[in-house]
Each structure stands twice: as C-alpha cells, then as structure tokens.
C-alpha cells in the first residue's frame, strides 16, 4: 500500500521549526511536529501504525490549508434534486428471504460504527453498552441480529466493530461474553488524530500519549483508511467477502436486508446508500443531490448560509441519509490504494478545558458516494432508521410502540398509524439515570401523536398517553402523573403532587 513517508527530524529540530513564520512554513512545521511524535514511540508495529496515521492526518491537514485559501463555496445554482435513477424506491426491489440468498450472505460482512461514547445521555463508556430494551444493550441486540441471520440462512456473516480509542478497551472486554454465540466478531480502531491550535495551526500534543482533550477520532469517514490500515479489509477479501453493510451501532433498524443485498449483486453497484423520507424532525440530515451531473451527498454544513432555509424545506429535499451503506470491499481497497478519497472536510471548532481554541478535521462516511462506480440511493421504509441519539429516542424504542424479535425492533401491529410520534423531553430527562428515575414503567403510547414534557415531571406506572399531550411544570413546580392515568389530547401545567397507594 503506498505510503507518504518523509524524513524524520530530531526533537531539538522540531522545537526550532515550531516558530517558523516563513511562507509555507506552517505545513513544514506541522510535518516536523508529527515526525517528532512518531520518533517518541518505541520501534515496532505500534509505531508503524501510528506513523501511518500521522501521514494520513497530514494529507488531511494540507487539504484543509489549501481549501481554506482556494476553495470556492458550493454553487447553489448547480444543486439539483437527484435524478430518478439516482434514488430507487425500495418497493421496486424484488422481495427476498434470507434463506434464499445464502451464497450472497456468505460474501457479506456487517460493520457497525462503534466509536461513540454515551456522554450525551450522561453515560460512561461506549454508547453501544447502554441498556435499551429488556436489560439488553445495543451490542447485545446487534449480536442477536447477526446470530439469527446466520441461523436461518446457514451462512457465515461476521460482525465487525469499528471502535475508537475511546471505546476500544471497554468493547473488547464486552465482546468476550459472546464467545459461545454463532457469530464471528472482529474489531479494529479508527484513527487517532491530533487536535491543532486555531491560532498557530500546530498540534496541541507534544507526545504520543493519549491525554484527554489532545486527540480525537476523526469521524466515521475515516472508516476507509483505518479499515485498510488494520489489515482486516485485505483479509475479508481473501476470505471471499465482496460487500460490507455499514451502519451506526445505535440504529436498531439497520438489519441485513436480503432485497438490497440481491440488488447490489444484480446491479454491480459499488455503493448503495439507504435514504428515507424526511420529516420536520430530520431537516438537518444530509441528502443525495445531483451536482453538476454527479451524485453527491449534501450536508447542511456545506450549504451557503443564504440557502440553509431552502435546504431544510421538506418539499424540496425530500429524503435524507440514514447512514446505512452497502459498499464493495474491492472498490474500497482500490480507492484507498490510489488515495482517491478526498472526502468533504468537516471543520469542527472546539475549546479545551483550559480555554485553548482548537480544530478537529473530520469526514463523513457517506460523502464517499461520489467516488464509487454506480453509486445510488434506495428509499427505504422509516423502520430501517431507528437511531437513539437522546432520551427522547430511548423513550420510543423502550415503549410498546415496538416489539422485539431476534434483536430487531418491529412496529407494533396494534398501532393504527405507522408513523412515529414526535417526542420532546426536557432537560430534566436528558441523562439516562434521570430519565429512568422519572418513569416507574414505560407509558403506553400506541395512540400517541405528539408528547412534550418540560420541567420537574414524574410518571407513575401504567400511564397511557394518546393524541397530543403537553406537560409543563414551571420553575419551582412539580407534577406527578398518577398511576393508571389516561391523558388524551391534554395539556397539564402547574403543580401537582400525588402519592400512590
């Protein structure tokens, strides 16, 4: 695999170069700093892998500097909705059963993006370890899905977890409990890149130690490089695998779909992105567009400010990316080796605990759609997009709205409408522990359309919510929803304290 190697410099030289203010000196100073970080590692495989990561980061960094000076904003006049052939309706695909496509399943691997922590919901450790249903975690349910898939098809589909340095150690301990399950689990780490200072553009880290706040995982667009660097991509190809199905570990709707896999085989497409219809809750989601005759993924961060409202309109951009992706393994290998992955940069501004302004350069895995041959979208049912990004999402997946079957969440057939209720839980419910403490049992919501809860509110057991329900406890007030209460198109406010007997 081609590598962008450069001479190493001594640490003394590195410190001299950090103050360089000559034109073009920033690139050289950063290269020197990166080589210095590599030199501090003991010789061996870990150092070689770290050196490759620093080379990959340097290419990303130099792109950032170049685009900062020379890139032109998106030409909104060239943005068009996708052509009919660019997004195919799921209903137009030929229905298939898992047991009917064993030969194709034996050429498939499933990869879950497992680099995120549960900090948004107040949890410590990998997000995949959060309990979401019947005391089972995202990872438990994912393993059940793959085990069931292998059982009914008599195939051998491996499960691959792309961890980050934040989740790797804990995840490796967790997966040991699945050793007796009928699923082969592999893990690899995405890259670890250095944050750099906003003012000087120089890396914050002065040594390769994993100090909190100095390093970051560079988004799931890093999948392609880190997958190849791990050696796992090459091994899967040698084992006869042809495709990988990629999805977020917190999306319990992202199961292996036999119709889409058959479609991949029939069309020879190297990349298929699952999209689904937008609702007002999805206005920020990336969407497939036709840009100057090319299929591309448009993210809200790329949209000129004057056109952001236009981008958010559901009528114009009707679909969004679920991040369920079907990709050819050989195509990934080809594009990585030729260094063709110039994914759109996401410039993420952060502030460290001591107030230092820093930048993280990230990329998104779906942005690679423009690099693959035959890329297109498949407009899938909403049931294939069930992410849990907040406790409001957790409220839905733990409710009677869904039934759990072989690790998969299925819409309860007793629900009259197949749409998902809009749920907005306030700050008192933001952390998982607080959320759990405020519900004695999950409410029954089969007939719920909309729920908004703000303030200090607690729900007793056997509560039923129907229609539109709004519950507001003002500052200093508290509301108890009593046992067995049925709220149908109700607005509840004020101060209400009840004792269950």
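Numbering starts at 1 and runs along the chain as displayed.
Any Cβ shown, glycine's included, is placed from N, Cα and C.
It should be emphasised that the depicted structure is a prediction, and the values quoted were computed from it without experimental measurement.
The UTP binding site annotation in TrEMBL covers 127, 190, 219, 250, 389. Around residue 250 (UTP binding site), the same-chain residues at least 6 positions away in sequence with a Cβ under 8 Å from its Cβ are 116, 127, 128, 138, 387, 388, 389.
Contacts of residue 220 (substrate binding site) defined by a Cβ separation under 8 A and a same-chain sequence distance of 6+ are given as 113, 115, 162, 190, 323, 363, 364, 365, in order along the sequence. According to TrEMBL, the feature substrate binding site maps to 220.
Here TrEMBL flags 1-26 as region 'Disordered'.
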Checklist outcome for this item: If you tally other C-beta atoms within 10 angstroms for each of the binding-site residues 127, 389, the top scorer is 127
Item to check | Which of 190, 219, the listed binding-site residues, has fewest other Cβ atoms within 10 Å | outcome: 219
